[in-house]
Amino acid sequence: MELYPGVSPVGLLLLLLLGQGPSQIHGSSGENTLAWQSQQVFWTLKNFPFPCKPKKLELSVLSESVHSLRPSDIKLVAAIGNPEIPLAPGSGTINMEKPQSIKNQPQDVCMGIMTVLSDIIRHFSPSVLMPTCSPGKGTAVHTTAEDLWIQAKELVRRLKDNPQLDFEKDWKLITVFFSNTSQCHLCPSAQQKSHLMRHMEMLWGVLDYLHHEVPRAFVNLVDLSEVLAMDLQHQETGFSPAPEVCKCTETTTLSKAVMQWSYQEAWEDLLASSKFNKHETFAVVFQPFFDEIEPPLKRSSPQDPTTLALRIWNSMMEPVGQKDGLLNTAERKTMKCPSEESPYLFTYKNSNYQARRLKPITKLQMKEGSEFTCPDKNPSNSIPTTVHSLRPADIKIIGALGDSLTAGNGAGASPWNILDVLTEYRGLSWSVGGDETIKTVTTLPNILREFNPSLKGFSVGTGKESTSRASFNQAVAGAKSDGLAGQARKLVDLMKADKTINFQEDWKIITVFIGGNDLCASCSNSTRFSPQNFIDNIKNALDILHAEVPRAFVNMAMVMEITPLRELFNEPTVSCPRNILSRLCPCVLGLGDNSEELSSLVQRNRDYQKKTEELINSGRYDTRDNFTVVVQPLFENVSMPRTPEGVPDKSFFAPDCFHFNAKTHARSAIALWKNMLEPVGHKTRHNNFEIKAPIVCPNQASPFLSTTKNSNLGNGTWMVCEERAPSASPPTSVHTLRPADIQVVAALGDSLTAGNGISSQEGNLTDVSTQYRGLSYSAGGDKTLENVTTLPNILRKFNGNLTGYSVGTGDSSSANAFLNQAVPGAKAENLTSQVRTLVQKMKSDNRVNFNRDWKVITVMIGASDLCDFCTDSNHYSAANFFDHLQNALDILHKEVPRALVNLVDFINPSIIREVFLKNPDKCPVNQSSVLCNCVLTPRKDSYELARLEAFTKSYQSSMLQLVESGRYDTREDFSVVLQPFLLNTKLPVLENGKPDTSFFAPDCIHLNQKFHTQLARALWANMLEPLGKKTDTLDPKGHISLACPTKDQPFLRTFRNSNYKYPTKPAIENWGSDFLCTEKSPSSQVPTSVHELRPADIKVVAAMGDFLTTATGARPSGYKRLATPWRGLSWSIGGDGKLETHTTLPNILKKFNPSITGFSTGTLDNKAGLNVAEEGARAQDMPAQAKTLVKKMKSTPTINLQEDWKLITLLIGNNDLCLYCENPEDNSTKEYVKYIQQALDILYEELPRVFINVVEVMELAGLHHVQGGKCAMPLAVQKNCSCLRHSQNLTAMQELKKLNWNLQSGISELSYWHRYMEREDFAVTVQPFFRNTFIPLNEREGLDLTFFSEDCFYFSDRGHAEMAIALWNNMLEPVGWKTSSNNFIYNRTKLKCPSPERPFLYTLRNSQLLPDKAEEPSNALYWAVPVAAIGGLAVGILGVMLWRTVKPVQQEEEEEDTLPNTSVTQDAVSEKRLKAGN
């Protein structure tokens, strides 16, 4: 055997010098081998989807060059060398089919791999022949490399003898398996080197033989060392010799990863330059098989043949130089395909591979110095005795503990010299290196040497921790936290033994940084690397330092946020040795982007950080004056540096793309130094290393290194923001508003904003009534930011001329309050009053330039509403809350120029409840019903408490809905932004689990200054966070660093400068309602009086009317079927589905009495139930409908006519209005009322126990007046409502309106008719919700046609749902106080509820508009009430007319009280006055 002349043994020795151990080439023993032909085993892919499209890649001409060889050109697949992987069917990712007789022989495994590979190629080349694995001739159980020669010769013979193969012309794919099982990478012995040389020469000879003998061949050289080594971890294979004992004193993950990479590179370079790749008909390509990049516990081991075959195939599809050989689970299941651009198998030539020796390896100057400009470099006048008055110049000794980032691995390596990552450049280490000076190398020691040139302990040059150059840098490359205590022990011993220092007297700085390697390995052993074990290891090390080292300031550098490393790894345009990266940190880089494992890792990272802070903040290391540990969070939030093109910038990393280079060490040193000078609690936690920051200097007012004790700012905050400049010129857009542009600050809200009890001392309950407005989080301006943290004090750091803030104490009318117009106890309904006062003050105060000054207004409301919601859940409904808030914001939007409005969530009442009830010794529990009844008094797990939670969520949802409607984003100089930091507030608790009352005022309800400080910081942070990424949690005990604007993002964030699109509202699937009522029980006995009738007493429902009650057109059905009556959806009588999906009166009543009967379902006549309405019915048809209804009731066997209470709803008049113009004389009001009266008389005479709703006819003319051309079928309107043909005729429409009002007026008297009051079991109640019918508008202020059918005439199912809600709510409102307008704003919680105090359906008598029966005077009273009501109706109608007429003209002068959605009309006021007068 000869080597190729151009490759000497010296070339192979390169592999040895790179650290490779002996290579074992294993052949087949020949024993127990299946006969090659007769016992051929056929392996197949089962149920595996083939993703490639071979036809697109086909060529009619066979390739003449191996460098353009396509899979379709291959005729035969073969292999020599045995992979020796034990079979494990089912262990891989793809199922195999094989006969049961197959045994675990090496030959079998080889055939399995080749068969699968052949099956893949068969999709491209159907004529591919059956694969072959050449058997060896040896007889030993473990054969030597010579057997590979036997297999190679046997293979060549078989290929030549194969009659189906054209040996000279057909292309062959040959795989050569070999393995190097020695794991000794760094220090092979002389014997091992000799052994390896001999075997590699043999392997080279085999390749030379194939090159000489086999034309047209593509040879894969496959090293299965890694696969075999992994299998040996699980079981002894019986086919491979055990690895030789490694004589190295130590090996690390880093060294193994680097040497494995070097091994691959050496093969690549050797083969690329060899004769094997110089010709057109032959090529040898090294196919690396490294470990998978996934947690060891998830690996499928041993590997099955199918997986190995896929890995060979996929490697052939990757260009040389880009073959990482690293796969996660998902990738192992994926078959790669040739691309149209590169449809061939990759060789060194067609991959444009550049050998490493040709790559630039010049040593680049990576060091980065800094300018030092601090003027005061003096030490203390005398050596300090306390660590809390320690100046930088007092430091005499420096040391460090940690891992390879502190050891400096690769810090000085040139970009291409990956081997140099193994060099520990300790002199460049960020925290303890001392090479050169600060001008050329930036490190913490070099900064400190500017203060004290005699500093000792820093490391210089390169070397291990055991070398003298390391000095007190005892960091160990590859170290994990469980090795930290050993480092601490070693450091203490070194310091004590050093005769050049005074161990007892010299002040020391020791920096500890550990945890990255724990995180990188944590997914393989979550117990060992749990957050608790991590912090226990930290504690053990710090305990040693605390116990033994005097005069020490310890920097505990927080573990780095490690997941940004994924950005570098996943960026395809960045050239990194990904196999090294994957080995160094498999837990970070081997997980899917949205996997649970990655989420767990991110949480573990945070828990490491959190527990570190908890340990240090516990005070464990603050028991002596001469020792402290301070958390330095410079690495807590680290952004991946990026190039100007936006890709991760590898120039910040060592050649392995994992460790820091000298530039990053320098910038880390500056960040650490800055942290050391920043007060505890106000340290910079986010660093962008792209920007080279200057070296900061000690503050003359505070020249000491910051400790917990000397950083005690109380409730103040340290301003660390550098970008504080205003815009170059005053901005005209709220979306380009900088903090320094704000000139006015204001606030609205309740007692929290007013500042009640902020500074009240514990136990001084009466002082909670004091309004400490100067300390209020959103509006207070007492003292300065260093003493009092509030939003105004933060803004004053940007603009010292800020105005509007409150100071001292006082109520909203005091001069101290200024523009803080919050009022204690204020509810949402009071907000408009505050807004008007605020607007007036801003307009009239000469300190405010109303039109030019930019304003920030903070609004917080809702807590007081929840305190009282249970007293009247209808009044405090979410719908009303929404309306009140909208009305207030509407005024600001209309009246106030240049304003950014912060809408702040209220604190969840559950927090207040927990604090209050779990501290009975400190909180005034006996006064809970007075302080906040509906929050504090419900029992645990009660229905009342569940309702509180439901109302809370509804309020919060209303706020979000209002802001995200875009209603307040129509002007360039105004925006409302929801700041959600209070959405998920964490209860502050003590170590014993009790709520921490130190955050609360003496009443345990209001918040003290400690809590307000956190609110201000959180609000400010929210203002700088983009929409969609705002923090929606608050931990009062957590650290909230002061957020800062940046050069890239200098603006207060709005929807536009956040590039945020309000989410499209999901399609509403149904128009159901949520049922929140608790009072659902019937009367204890069946009532005999209609005036004591509860909803649950109702047994029968019925209805009379026209197309509205038949629900004609409620669902789309096309033009020809427009007249379909959807009775099951009818507002007053439909019973389809359930309340949660279909809001109808019967479905509401079913919640009180599930056995109710009479309702309609579906569309068929026989399912109409007691719905006797007819589509075209008019008033004249009501007597006939009444007779029909009576007959039906009497004939229905399930109805007990005498005993069952019946609810009948009558609505008629729409057709009368639509057709009156055809014969005005026959459509008089008198006739209309007469027919209804006749119908009621029939019911009165025939039916016992009846409650009748008579619904006033809707204001039809107004409803259909301004629809323009938006109707899909306007002709249908004209056909069904001929009077509307004249909608453009003002006189005709006035006549229609007049009749409309007269019909409403006439029917409104029915509630007061004496005839219907004579029976105790009969009542008629007029329900007036349609009296003032307003056209529903959509969010764009256009007509909302979703309330109507396709022809815009009938009501849709949505319209029916809203009618049902309005009717039900009218039934629960006293006569004289009923809502007389429709509110069709969608809300699932608009249904009112009976209460224990008012459980009945309202009649005239139980509305207390009449005296008791015993005192009843003459009938005159019954007529006095309706007369007053009619007069009030006229006033109401005139008001509506005036509003509709004047609104378009006087829109700019419209006041908030003109909004009529939920107003009570004038007739109610008149009736109330009449009652009072009588």
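Glycine is treated like the rest: Cβ placed from N, Cα and C.
According to Swiss-Prot, the protein has these features:
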SIGNAL    1-27  signal peptide
CARBOHYD  Asn180  N-linked glycosylation site
ACT_SITE  Ser404  active site
ACT_SITE  Asp518  active site
CARBOHYD  Asn525  N-linked glycosylation site
CARBOHYD  Asn626  N-linked glycosylation site
CARBOHYD  Asn637  N-linked glycosylation site
ACT_SITE  His659  active site
CARBOHYD  Asn715  N-linked glycosylation site
CARBOHYD  Asn764  N-linked glycosylation site
CARBOHYD  Asn801  N-linked glycosylation site
CARBOHYD  Asn830  N-linked glycosylation site
CARBOHYD  Asn926  N-linked glycosylation site
CARBOHYD  Asn1227  N-linked glycosylation site
CARBOHYD  Asn1280  N-linked glycosylation site
CARBOHYD  Asn1289  N-linked glycosylation site
COMPBIAS  1469-1478  compositional bias 'Basic and acidic residues'
Query raised in the report: Can you tell which of the active-site residues Ser404, Asp518, His659 lies nearest to Asn926 (N-linked glycosylation site) in space, using Cα positions?
Result: Asp518
Report task. Do me a favour and check the Cα-Cα span between His659 (active site) and Ser404 (active site); whole Å is fine. Result -> 8
**Report entry** Reduced DSSP assignment, Asn637 (N-linked glycosylation site)
**Finding:** strand
Requested in this report: Sort the recorded positions Asp518, Asn637, Asn715, Asn830 by C-alpha distance from Ser404 (active site) and give me just the closest.
Outcome: Asp518
Requested in this report: Out of the recorded positions Asp518, Asn525, Asn637, Asn715, Asn830, give me the one sitting nearest to Asn626 (N-linked glycosylation site) by CA distance.
Outcome: Asn715
Query - Where Ser404 (active site) sits in the secondary structure, as DSSP reduces it to three classes - result: helix
Report summary line: Reduced DSSP state (H/G/I helix, E/B strand, rest coil) at Asn1289 (N-linked glycosylation site) is coil
**Report entry** Rounded to the nearest Å - Cα separation of Asn715 (N-linked glycosylation site) and Asn637 (N-linked glycosylation site)
**Finding:** 25
Query raised in the report: In angstrom units, rounded to an integer, how far apart are the Cα atoms of Asn830 (N-linked glycosylation site) and Asn764 (N-linked glycosylation site)?
Result: 29
Requested in this report: Please tell me which one of the recorded positions listed here (Asp518, Asn525, Asn764) sits closest to Asn637 (N-linked glycosylation site), measuring Cα to Cα?
Outcome: Asp518
Query raised in the report: Between Ser404, Asn764, which of the recorded positions has the fewest other CB atoms within 10 angstroms in the structure shown?
Result: Asn764
Query raised in the report: In sequence order, which same-chain residues at least six apart have a C-beta under 8 angstroms from Asp518 (active site)?
Result: Lys480, Ser481, Phe529, Phe534, Val559, Tyr608
Requested in this report: Taking only the Cα atoms, work out how far Asn764 (N-linked glycosylation site) lies from Asn525 (N-linked glycosylation site), in Å, as a whole number.
Outcome: 54
Query raised in the report: Between the glycosylation sites Asn637, Asn1289, where is the Cβ count within 10 Å the lowest?
Result: Asn1289
